[in-house]
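Working notes, structure below.
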Amino acid sequence: MEPVPCLLLLLLPLLRASTDTPEPCELDDDDIRCVCNFSDPQPDWSSALQCMPAVQVEMWGGGHSLEQFLRQADLYTDQRRYADVVKALRVRRLTVGAVQVPAPLLLGVLRVLGYSRLKELALEDIEVTGTAPPPPPLEATGPALSTLSLRNVSWPKGGAWLSELQQWLKPGLQVLNIAQAHTLAFSCEQVRTFSALTTLDLSENPGLGERGLVAALCPHKFPALQDLALRNAGMKTLQGVCAALAEAGVQPHHLDLSHNSLRADTQRCIWPSALNSLNLSFTGLQQVPKGLPAKLNVLDLSCNKLNRAPQPGELPKVVNLSLDGNPFLVPGASKLQEDLTNSGVFPACPPSPLAMGMSGTLALLQGARGFI
């Protein structure tokens, strides 16, 4: 038998075994993205070493507890021993999900990541357990993040979790996303000012509501806030939202209230003076709300239940207006939206039939400018 075919025959069992037991971590050919899925009952955690060259890293823990790593490494008091290794990492974006992690381990890792160039951190489907260690010195020693995203993360300290986590991050956070939170009733007296935060996204918290929004928007803790997203956040009235914003002292330029069931409001809203973009799509509105800001750059009223075109005087002065997907433009759209929404599905906005190469929005704008 020729040597080369013979060698291939000998390797076949190894190749078959390799396909049957794939590595939990995969690094792409450009050393940019690395994804680990430790879903096996006894995962090979050492496979994560493959991700050391990557810029974007995702670690999915398969629901396992990371308690064993707390016993193996003292990241809290002896973090400098890891400094050289962490400084060499290229990672800029890190996602960790589906694990149970002891609080000392999580905060210890954050402290070690202070030596890294990490800019974006996302935690998803995580249960933080145990008691946190004492806070670090006054100067924060954690990573200098620009973006922090948290989805379905449970903390052992209730409303104090944000202030506790904040102590382990360097100042300068610009974007904060919190979805499916177990509590947003923060201990505001303990929360430090987010002086650089321009974007706050509290979407996908249906139990929040206007009262919860007052507790979440700690007064005068978000002085630089420009973009506020509250999609599917249990908002009921525009007046209630406006009151919460006023109490918190925030002046967002962009406000997203889409996917909330808004009802008709008898009280007029005192809008933030800086507001120039308002998204009210998928809110079930049957008419244009009264008391909208006098002037907006962007107003999105698409995918609602408007049965007629807005009348003169109902709309503010607006540069970019979207009314696509309303019943007066798309016959049957209202019934379709109601059926899908009741089933828990948020449909894509139906396209408007208006216009020969022109979107319904642009076509309507041309007609609307006569009475705006």
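Glycine residues also receive a Cβ, built from the backbone N, Cα and C atoms like all the rest.
What Swiss-Prot records for 1-17 is signal peptide.
Residues annotated as disulfide bond in Swiss-Prot: CYS25-CYS36 (among others). Under the DSSP three-state reduction, CYS36 (disulfide bond) is assigned to strand. Of all Cβ atoms in the shown protein chains, 24 besides its own fall within 10 Å of the Cβ of CYS36 (disulfide bond).
What Swiss-Prot lists as disulfide bond is CYS34-CYS51 (among others). Proximity of CYS34 (disulfide bond) to non-local residues of its own chain (separation of 6 or more, Cβ distance below 8 Å) is seen for CYS25, GLU26, LEU27, ASP28, GLN50, CYS51, PRO53, ALA54, GLN56, VAL57, GLU58, given in sequence order.
Under the heading N-linked glycosylation site, Swiss-Prot lists ASN37 (among others), citing sequence analysis as support.
Averaged across the repeat 'LRR 1' (54-82), pLDDT for the predicted model comes to 84. The annotation repeat 'LRR 1' is assigned in Swiss-Prot to 54-82.
As annotated by Swiss-Prot, repeat 'LRR 2' applies to 83-118.
Listed as Cβ neighbours of the repeat 'LRR 3' (119-145) (distance under 8 Å, sequence separation of 6 or more from its ends, same chain) are residues 65, 76, 79, 92-104, 106-108, 110-111, 113, 151-157, 161, 164, 167-173. As annotated by Swiss-Prot, repeat 'LRR 3' applies to 119-145.
For the repeat 'LRR 4' (146-173), residue counts in helix, strand and coil come to 9 helix, 8 strand, 11 coil, using DSSP. For 146-173, the entry in Swiss-Prot reads repeat 'LRR 4'.
Annotation comment: Swiss-Prot describes ASN152 (among others) as N-linked glycosylation site. Of all the Cβ atoms in the protein chains shown, 16 others lie within 10 Å of the Cβ of ASN152 (N-linked glycosylation site).
Sequence annotations record features per position, and here Swiss-Prot assigns repeat 'LRR 5' to 174-197. Beyond the repeat 'LRR 5' (174-197), the same-chain residues lying 6 or more positions past its ends with a Cβ under 8 Å from any Cβ of the stretch are 146-155, 158-163, 166-167, 203-205, 208, 212, 215-216, 218-225.
The feature disulfide bond is assigned by Swiss-Prot to CYS188-CYS218 (among others). Within its own chain, CYS218 (disulfide bond) has PHE186, CYS188, VAL191, ALA248 as residues 6 or more apart in sequence whose C-beta sits under 8 angstroms from its own. The secondary structure of CYS218 (disulfide bond), as reduced to three states from DSSP, is coil rather than helix or strand.
A Cβ distance under 8 Å defines the sequence-distant neighbours of the repeat 'LRR 6' (198-225), meaning residues of its chain 6+ beyond its ends; these are 151, 159, 174-181, 184-186, 188, 191-192, 231-237, 240-241, 243-245, 247-252, 256, 259. For 198-225, the entry in Swiss-Prot reads repeat 'LRR 6'.
According to Swiss-Prot, the repeat 'LRR 7' annotation covers 226-252.
Within its own chain, CYS269 (disulfide bond) has LEU238, GLN239, VAL241, CYS242, GLY291, LEU292 as residues 6 or more apart in sequence whose C-beta sits under 8 angstroms from its own. For CYS242-CYS269 (among others), the entry in Swiss-Prot reads disulfide bond.
Long-range contacts of the repeat 'LRR 8' (253-275) within its own chain (CB-CB distance under 8 A, at least 6 residues past either end) are made by residues 203, 226-239, 241-242, 245-246, 281-287, 289-293, 296, 298, 300, 346. Marked as repeat 'LRR 8' by Swiss-Prot: 253-275.
Sequence-distant contacts of the repeat 'LRR 9' (276-296), counting only residues of its own chain at least 6 positions beyond either end whose CB sits under 8 Å from a CB of the stretch, comprise 238, 253-262, 264-265, 268-269, 302-307, 310, 314-319, 322, 325, 337, 341, 346, 349. Among the features that Swiss-Prot reports, repeat 'LRR 9' is placed at 276-296.
When the glycosylation sites ASN37, ASN279, ASN320 are compared by the number of other C-beta atoms lying within 10 angstroms of their own C-beta, ASN320 comes out lowest.
Straight-line distance linking the Cα atoms of ASN37 (N-linked glycosylation site) and ASN279 (N-linked glycosylation site), rounded to a whole number, equals 37 Å.
Sparsest Cβ environment among the disulfide-bonded residues CYS25, CYS51, CYS188, CYS242 (other Cβ atoms counted within 10 Å): CYS188. If you look at the repeat 'LRR 4' (146-173), the same-chain residues 6 or more away from its ends with a CB under 8 A from one of its CBs are 103, 107, 110-111, 114, 119-132, 135-136, 140, 179-187, 190-192, 194-197, 204, 215.
For the pair CYS36 (disulfide bond) and ASN279 (N-linked glycosylation site), the C-alpha distance works out to 37 angstrom.
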